[in-house]
Amino acid sequence: MTNIRKAHPLAKIINSSFIDLPAPSNISAWWNFGSLLGVCLILQILTGLFLAMHYTPDTTTAFSSVTHICRDVNYGWIIRYMHANGASMFFICLFLHVGRGLYYGSYMFPETWNIGIILLFTTMATAFMGYVLPWGQMSFWGATVITNLLSAVPYIGTDLVEWIWGGFSVDKATLTRFFAFHFILPFIILALAAIHLLFLHETGSNNPSGIPSDSDKIPFHPYYTIKDILGALSLALVLMMLVLFSPDLLGDPDNYTPANPLSTPPHIKPEWYFLFAYAILRSIPNKLGGVLALILSILILAIIPLLHTSKQRGMMFRPLSQCLFWLLVADLLTLTWIGGQPVEHPFITIGQLASILYFMLLLVLMPIASIIENNLLKW
């Protein structure tokens, strides 16, 4: 008799995706982040659902409803901080997942890669709208500044901003719609993640060597299920240390002050995971130019497959490209630091240099390094 997991229509899908899936025998811990992102997403949806049961999306009560969750709701404080810090863990996993894709040439699966970019954009939009909901000072001013960037769009800019606001400033209508979008988008992310996996399973996983692994596959369960559980437990450990020991480490103290349209905070800055893009935005003196650079800083990922000049897939055996990759990582860390600094000398210059280097590395230096490596190997 055929095993039920192979015969039942629903079990068959789960079986072919998580149990009998043939996986390369040599994938490292860098391949754990896909499943960790799934864990993060489920955690965010569950904690978010419980928060939404007590939150009120109204300018007069939003801030106090969050206070009420933390003070009066049973275990409300831990749900709130797991949701806030869960977002940070989500982005850490996202950046490492994308970094792994860049390093090992996973972008050579174009459908999987492009859906991944759409997922990244959607997640960033969701996180931005979630940050507005507590209606603190940084929520309000962050929403005002970031939505205002759309006014840089020629001709229709102002109308576009007022359409998104639902009025002439960030107000009740803005908060209500942001809450609606913040609630629905994670489910769209869930659907996109399923499509992401669907395309990945069409080709099979890449592996650190970049060499086709069809001749050496092992079943996903138990080898990688146990590895994923270890990863999830490690993630849970880091998250709970953050939540229980320093829940406000990654937040902004200004957000503990209720939103006040009459008082601007001295330094308006987004959450830490947007700082690199914010630094690129600020490094260009022109408004429209800054907005374009901001969008391109993420959208540049879409043309990475076109810039692949190497005869090898990954960077495992390419020391020159490895040096440039880690320079890119250092550059992104520099941009993240600059994004959180005030707009004054020497930070302006450092930000501009780091922004130029970011685009130079991806568009010029890395493709050239690949060509040099090909020639050195006489390929």
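Each position is counted from 1, following the chain as shown.
Each Cβ is built from the backbone N, Cα and C atoms, and glycine gets one as well.
Annotated transmembrane segment per Swiss-Prot: 33-53 (among others), in sequence order, evidence recorded as similarity to another entry.
Sequence annotations record features per position, and here Swiss-Prot assigns transmembrane segment to 77-98 (among others) based on similarity to another entry. Away from its own ends, the transmembrane segment (77-98) comes close to residues 30, 33-34, 36-37, 40-41, 43-44, 47-48, 50-51, 66, 69-71, 116, 120, 123, 127, 130, 235, 238-239, 242-244, 247, 250-251, 271-273, 301 of its chain (Cβ-Cβ under 8 Å, at least six residues beyond either end).
Residues or ranges marked as heme b b562 binding site in Swiss-Prot (evidence: similarity to another entry): H83, H182. Sequence-distant neighbours of H83 (heme b b562 binding site) (same chain, 6+ residues apart, CB-CB distance under 8 A): Q44, T47, G48, L51.
The heme b b566 binding site annotation in Swiss-Prot covers H97, H196. DSSP assigns H196 (heme b b566 binding site) to a helix in the three-state reduction. If you take the C-beta of H196 (heme b b566 binding site) and look for same-chain residues 6 or more apart in sequence within under 8 angstroms, you find T112, I115, G116, L119.
Summarising the annotation, Swiss-Prot assigns transmembrane segment to 113-133 (among others) and lists similarity to another entry as the type of evidence.
Sequence annotations record features per position, and here Swiss-Prot assigns transmembrane segment to 178-198 (among others) based on similarity to another entry.
With a 10 A radius on its CB, H201 (ubiquinone binding site) counts 14 other CB atoms from all the protein chains. DSSP assigns H201 (ubiquinone binding site) to a helical segment in the three-state reduction. For H201, the entry in Swiss-Prot reads ubiquinone binding site, with the evidence type similarity to another entry.
Within the chain, the transmembrane segment (226-246) has long-range Cβ neighbours (under 8 A, six or more residues past its boundaries) at 29, 32-33, 35-36, 39-40, 78, 81-82, 85-86, 88-89, 93. What Swiss-Prot lists as transmembrane segment is 226-246 (among others).
Summarising the annotation, Swiss-Prot assigns transmembrane segment to 288-308 (among others). Listed by sequence, the residues of this chain that lie at least six past the ends of the transmembrane segment (288-308) yet keep a Cβ under 8 A from its Cβ atoms are 98, 102, 105, 107-108, 110, 113-114, 117, 120-121, 124, 149-150, 152-154, 276-278, 280-282, 355, 358-359, 362-363, 366-367, 370.
Here the transmembrane segment (320-340) has long-range neighbours at 99, 102-103, 269-270, 272, 274-280, 282, 310, 347, 350-351, 354-355, 357-358, 361-362, 365-366, 369-370, 372-373, meaning same-chain residues at least 6 beyond its ends whose C-beta is under 8 angstroms from one of its own. Taken from Swiss-Prot, the feature transmembrane segment applies to 320-340 (among others), supported by similarity to another entry.
Within the chain carrying the transmembrane segment (347-367), a Cβ under 8 angstroms from the stretch's Cβ atoms is held by residues 279-280, 282-284, 293, 296-297, 300, 304, 307-309, 321, 324-325, 327-328, 331-332, 334-335, 338-339, 341, all 6 or more beyond its ends. Taken from Swiss-Prot, the feature transmembrane segment covers 347-367 (among others).
Spatially close to H97 (heme b b566 binding site) yet at least six residues away along the chain are F33, G34, L37, G116, judged by Cβ distances under 8 angstroms. Distance from the CA of H182 (heme b b562 binding site) to the CA of H201 (ubiquinone binding site) is 29 Å. All chains included, 21 other C-beta atoms sit within 10 angstroms of the C-beta of H182 (heme b b562 binding site). Long-range contacts of the transmembrane segment (33-53) within its own chain (CB-CB distance under 8 A, at least 6 residues past either end) are made by residues 69, 79-80, 82-83, 86-87, 89-90, 93-94, 96-97, 100, 130, 182-183, 186-187, 189-190, 193, 228, 231-232, 235.
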